[in-house]
Amino acid sequence: PWVELLRNDFWGKDISDRDSHKSYRPLTVATFRLNYMLHELEPLGYHLVNVLLHSAVVYLYVLLCGVVFSEVWPALIAGLLFAVHPIHTEGVSGIVGRADLMCALFAIISLFCYRNSLEIRANARRRVFWFVLSLVSTLCAALCKEIGITTSLLCLAYQISFHKRKSSTQQGVVRPQARQSSVYDLLSALRETVPRGLVLMMFSVSFLWARLKLNQGPPLFHVDNNPALGFPTPFRQLHWSYLCVYNVWLLLSPSQLCAEYAMGTIPPVTSLSDPRNLLTLATFAGLLSLSCYSASYSHSHHRKIMFGLCLTVLPFLPASNLFFPVGFVIAERVLYIPSMGFCLLVSYGFHLLVSRPIIKYFSSLAKIVLIFLLLAQSFKTLSRNFEWKDNVMLFTSALRVSQTSAKMWNFVGNTHFKAGNNTLPEPYFRKSLEVEPLFPPAHINLVRILKRQKRFEEAIE
């Protein structure tokens, strides 16, 4: 029954069940139900909807960048970078990635509605209408995927970054010349954001409270899905912080993509002397310095950088493990919305390089690099799509990235086993147990293959 969508989690289990994943995405599941009504489990329709959703998101994203930049070319470049970024392959080619696509779609719609509510000055009724529509769109985004609730923060970030301050006469004061500074501008933006911010925060808190009531308890994540759960402090926090850096690297260089990052794919950070801690420190220091630079607020390009950073960081926070643990190590699909901010920053950086060349011919060189980047990303996205064609190709491609994941070796063997092959799976199961001797699924699958080959004594052992 359709009403079950309101009671079940994303994977079809009652969300009040103790073993539930607690992911509540009824709007996304409703679209799967509509697909099923039209063509049952024929894959083409599901993929077609995902591609159409991605196309719609790209279109709206270009419009949003046009508002941010007030220029056509930087917006188009950001749209092209976003459209062909290989990190999106999982979100678009993987059917369950539809949750991220729909969440992104409603998040951008919410931002446009919020912008309309800011632009309308004379008609209070229309202003309230667009503000309420923004809240409804945020709710829809959150009912597609949990990170959608961060859209409220993005709306506030947009207002702080691009608000139109009231004049001194409207405020009833005359500002001294000395106070016409970037600090005053930032404080003014924050002050004018407070009324709307309180409403948005109350809305977000109410939604989170309702979700906690619906969940009837926190989710239980197994250490296999998030190995750092078993690490002592401070190595748990160091490892999770490094995972944030790894996500940044996937945005910068999506050359080694993997369908599954669990169980040894990324070696744990178990020492203070691990050199990766320096990389973590450098990355966070870079983000902090860029944030301080954008907060100087003295020029319009500072505000663009501020919004780009917010669009990158805020939607990623719920999946970062920094505030609460999640049920995965790394999932490429969760970078779908953060990559919008990333592409916006890269596009704006390119725009600055071209419009303000430091040395002669630097502008031409930057254009050549951009064309090469777009071609390289397009080629990688196409090749990655072929890897998503079936389970064997997908999991085999993951083994090329990581040889240390017992789960992935078992996946490949199990896929061959289900295809009816009686000999090929065995080396994969044994390799899985070589990597992780106490991995139960590999033991069970090895027993099944040995039994099928009538090797009963080995199976019993």
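Residue numbers in this text run from 1 along the chain shown.
A Cβ is built for glycine as well, from the same backbone N, Cα and C atoms used for every other residue.
Range annotated as transmembrane segment by TrEMBL, chosen from 242-259, 278-295: 278-295. As a whole-number mean, the pLDDT of the domain 'DUF1736' (217-287) in this prediction is 87. Sequence-distant contacts of the transmembrane segment (307-330), counting only residues of its own chain at least 6 positions beyond either end whose CB sits under 8 Å from a CB of the stretch, comprise 21, 68, 107, 146-147, 150, 153-154, 157-158, 161-162, 219, 221, 225-229, 240-241, 243-244, 246-247, 250, 261-262, 265-266, 287, 290-291, 294, 337-342, 344-345, 348.
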